[in-house]
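Engineer: The structure that follows is given in the form of structure tokens.
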Amino acid sequence: MIAIPAPDIEHLASDREALLTLLFDWARAGWIRDLDAAFADQLAQLSPEADSACLLAAALVSHLAGQGHLLLDLQQLQTTPRALIAVQPQDTQAELVTPERVITALASSNLASSWETALSRWSAVGTGAGSEPLVLVGTRLYLRRYWRHEQRIAAAVDARVAQTTDWPPADARALLDCLFSPDEKNAVNARWQKIACALGARTPFAVITGGPGTGKTTTVIRLLALLQSLSLQTGQATLRIALAAPTGKAAARLNESIAEQVDALSKIALPEGAQAAIPKEVKTLHRLLGARPTTRHFYYHARRPLPFDMVVVDEASMVDIEMMAALLDALPPHARLVLLGDKDQLASVEAGAVLGNLCQRADAGHYRDATARWVEATTAYSLASDYLDEAGRPLDQTVAKLRHSFRFEGNSGIGQLAEAINAGNAPEALAIITGKQYTDLARIKLSASAPYKALTSLAIEGRKDSEDARGLRHYLTEVRRQEQRPAATAGKDTWDAWAKAILKAHTAFQLLTPLRQGPYGVNALNERIEQALTHEGLVQKPDDTTRWYEGRPVLVTGNDYGLKLMNGDIGITLYAPQQFDSATDDSSVTLRVAFPDGKGGIRWVLPSRLQRIETVYAMTVHKSQGSEFDHTALVMPDTLSPILTRELIYTAVTRAKKTFTLLSPGDETEQGLLARAIERRIQRHSQLFA
Ligand SMILES: Nc1ncnc2c1ncn2[C@@H]1O[C@H](COP(=O)(O)OP(=O)(O)OP(=O)(O)O)[C@@H](O)[C@H]1O
């Protein structure tokens with residue numbers, strides 16, 4: 001712990017040098033970033049008139065941006081200063097000047113009688129039109145960059161929402177009845193899917209949200225089929241459509257399900273050419289926009305718009321405010337945008353929570369009469385009165401929530417658990433996970449004396465009681481199975497097929513943890529599991545200093561455009577020929593890392609070329625967004641941390657396709673960490689669509 005000398009708090013208000021020193025001390029203690037203190041310091045040098053209150057506000061708005069918030073609410077400075085900077089409980093016992101004390105002292109000093117007044121007089125603060133680094137709107141202070149992103153996104157969405165038109169519904173009705181036949185046995189469960197298509201056809205902007213397996217992909221493919229069919233029927237050119245996802249992993253996953261869903265359309269009698277006009281390739285947003293390695297700018301932007309009439313973005317909860325603003329900038333004004341995602345998942349790693357903002361009112365619908373009439377005319381479904389609201393906003397009319405999970409039917413523990421977590425019902429969630437009524441759920445208590453024994457055993461062997469609850473042994477056995485291994489002289493296709501089977505086996509299990517550091521953080525767990533696997537003989541490290549060995553799974557932690565690898569991609573290290581199609585014997589094999597190339601093949605990369613990777617026996621919940629695994633296990637930490645929230649637990653549970661196991665070092669009681677996490681929501685400060 002770092003001891004920070006206590007300055008005279010009373011004089012801080014009039015002594016800005018002392019305040020700046022204190023900000024750098026906070027940075028040393030890890031309470032804020034160096035960047036935050038440096039930002040205030042830089043502004044102080046540029047504007048001698050800035051007082052301590054202003055500089056503190058500047059450091060705080062920068063600090064909050066690092067936490068994902070878009071703004072600093074000055075009212076919060078007065079009412080809940082403690083919530084602005086997270087300070088570890090052990091730090092408060094030392095002789096430290098906590099941010100809370102400083103904020104409170106400055107708030108009550110004469111100089112800062114009103115934060116708004118002080119800030120509005122400061123030359124570094126503007127109201128938007130100029131180029132000041134900070135923007136003040138009412139009681140909300142922004143970094144200019146985020147204020148601009150909010151403005152641009154809101155304007156682009158509003159412009160599309162305003163183009164809502166009720167064209168002759170009969171055209172859509174016949175097609176929607178083909179796509180969602182009222183006679184199908186699933187018709188009742190698919191009703192919100194049909195409604196989502198009707199809403200998506202009415203406005204060139206649509207949001208389709210829903211939990212895992214509710215049919216977001218199925219629905220959007222049918223929406224595309226509907227729109228292409230309508231274009232063909234009315235003699236217009238078909239739409240040029242692009243499909244995108246925020247990460248390579250999410251794009252690769254979507255690639256697989258899209259192809260299946262598009263092929264399934266052949267069973268439906270659509271106009272000639274409609275099915276063929278739906279693309280199957282999903283790109284990352286970076287690739288779609290033409291990211292350039294050395295700059296934050298994209299090839300496509302407002303002056304050089306994307307050559308598409310419609311863009312669909314899946315896993316939109318992971319899209320941060322900057323990327324969303326860049327996408328909307330690059331979208332031609334006439335182009336449609338459809339966003340898909342689960343609004344209840346963790347928000348993007350970077351600042352903003354755009355999908356969450358768009359869907360804040362999705363649970364209750366808020367559909368107006370005109371919308372209800374459109375839905376009834378096109379789908380024959382009448383919206384229940386619970387979802388109607390004549391005061392609903394134009395944006396509400398474009399958001400559809402899918403409410404039936406086709407993956408988790410009524411008897412699924414994962415489905416029930418996810419629902420209880422989402423509802424913030426901790427007692428119910430605890431009863432579900434600690435009771436024994438669901439075979440797809442298990443809870444393992446880690447003993448205080450030997451916590452890693454049960455943990456590594458679960459990670460390696462899985463749960464013995466279920467075929468769907470495998471552990472790491474499953475894919476490592478595939479790696480070691482000699483009879484499956486291609487001959488060195490086999491061609492690339494054969495090697496790709498082998499690697500693909502191993503990568504698929506690898507998705508059978510993933511261990512997740514909320515944290516990076518600490519005894520149950522990702523670093524410690526990876527080390528423990530690697531040791532245990534070596535002990536079991538499942539992996540063979542040539543020596544203790546070598547990081548690379550066959551079977552090592554790695555996660556890419558930063559985009560590498562040269563290698564065509566994206567943040568979040570997972571690869572497995574395997575012995576393979578140095579040069580495919582020209583290997584002569586087994587001596588020509590070497591360690592290479594096999595990554596899915598997103599087009600159904602494998603990208604083989606030499607370990608020495610990989611700069612930003614880490615071992616991934618365990619993965620943080622944040623990094624697991626956009627991925628799914630048959631069996632997912634979550635390790636709870638042993639102490640409460642600000643990172644433990646409802647969204648994080650929900651995201652972890654819903655990564656599981658078939659079984660979920662909770663591993664916890666403590667007792668899961670109503671005072672336990674799980675219950676406290678479920679009760680705590682992430683509130684990212686933003687005014688977007690508020
Ligand atoms: N209307 C429907 N009728 C029958 N099966 C359906 C329907 N909609 C979806 N499904 C099935 O439910 C499963 C999940 O569908 P889909 O992949 O579209 O959901 P999703 O919400 O995109 O899932 P994810 O959580 O993986 O993103 C698939 O097997 C799909 O075939």
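Glycine is treated like the rest: Cβ placed from N, Cα and C.
Per TrEMBL, the features are:
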- Gly210, Gly211, Pro212, Gly213, Thr214, Gly215, Lys216, Thr217: ATP binding site (BINDING)
- 29-142: domain 'RecBCD enzyme subunit RecD N-terminal' (DOMAIN)
- 616-660: domain 'UvrD-like helicase C-terminal' (DOMAIN)
Engineer: Checking the binding-site residues Gly211, Thr214, Gly215: which ones have Cβ within under 6 Å of ligand 1?
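Structural biologist: Among Gly211, Thr214, Gly215, near ligand 1: Thr214, Gly215.
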Engineer: When DSSP is mapped onto helix/strand/coil, what comes out for Gly213 (ATP binding site)?
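Structural biologist: DSSP call for Gly213 (ATP binding site): coil, neither helix nor strand.
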Engineer: Within 10 Å of the Cβ of Thr217 (ATP binding site), how many other Cβ atoms are there?
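Structural biologist: Around Thr217 (ATP binding site), other Cβ atoms within 10 Å: 21.
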Engineer: Would you kindly list the residues that approach the domain 'UvrD-like helicase C-terminal' (616-660) from elsewhere in its chain, counting only those six or more residues past its ends and only Cβ-Cβ distances under 8 Å?
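Structural biologist: That would be 86, 211-212, 245-247, 249-250, 253, 315, 317-318, 342, 344-347, 349, 407, 413-414, 417-418, 421-422, 424, 440-442, 455, 458-459, 462-463, 466, 468-472, 507-516, 518-522, 525-526, 529-530, 533, 553-555, 568, 570, 666, 673-674, 676-682.
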Engineer: Taking the Cβ of Gly210 (ATP binding site) as centre, how many other Cβ atoms lie within 10 Å?
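Structural biologist: Excluding its own Cβ, the number within 10 Å is 24.
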Engineer: Just to confirm: which same-chain residues, 6+ apart in sequence, have a Cβ under 8 Å from the Cβ of Pro212 (ATP binding site)?
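Structural biologist: Result: Asp342, Ser405, Arg407, Phe408, Ala418, Glu628, Thr654, Lys657.
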Engineer: When you measure from the Cβ of Gly213 (ATP binding site), which residues in the chain that are at least 6 apart have a Cβ under 8 Å away?
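Structural biologist: For Gly213 (ATP binding site), the qualifying residues are Ser405, Phe406, Arg407, Phe408.
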Engineer: Please average pLDDT over the domain 'UvrD-like helicase C-terminal' (616-660) for the predicted structure.
Structural biologist: 93
Engineer: Going along the chain, which residues six or more apart from Gly215 (ATP binding site) have their CB under 8 A from its CB?
Structural biologist: Ala190, Gln193, Leu402, His404, Phe406
Engineer: What's the number of neighbouring CB atoms sitting within 10 A of the CB on Thr214 (ATP binding site)?
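Structural biologist: Result for Thr214 (ATP binding site): 24 other Cβ atoms within 10 Å.
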Engineer: Within 10 Å of the Cβ of Gly211 (ATP binding site), how many other Cβ atoms are there?
Structural biologist: 23
Engineer: What is the set of residues, excluding Gly210, Gly211, Pro212, Gly213, Thr214, Gly215, Lys216, Thr217, whose C-beta falls within 8 angstroms of the centroid of the C-beta atoms at the ATP site?
Structural biologist: Asp342, Leu402, Ser405, Phe406, Arg407
Engineer: What is the number of residues in the domain 'RecBCD enzyme subunit RecD N-terminal' (29-142) that are helix, strand and coil, as DSSP sees it?
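Structural biologist: The domain 'RecBCD enzyme subunit RecD N-terminal' (29-142) comes out at 57 helix, 12 strand, 45 coil.
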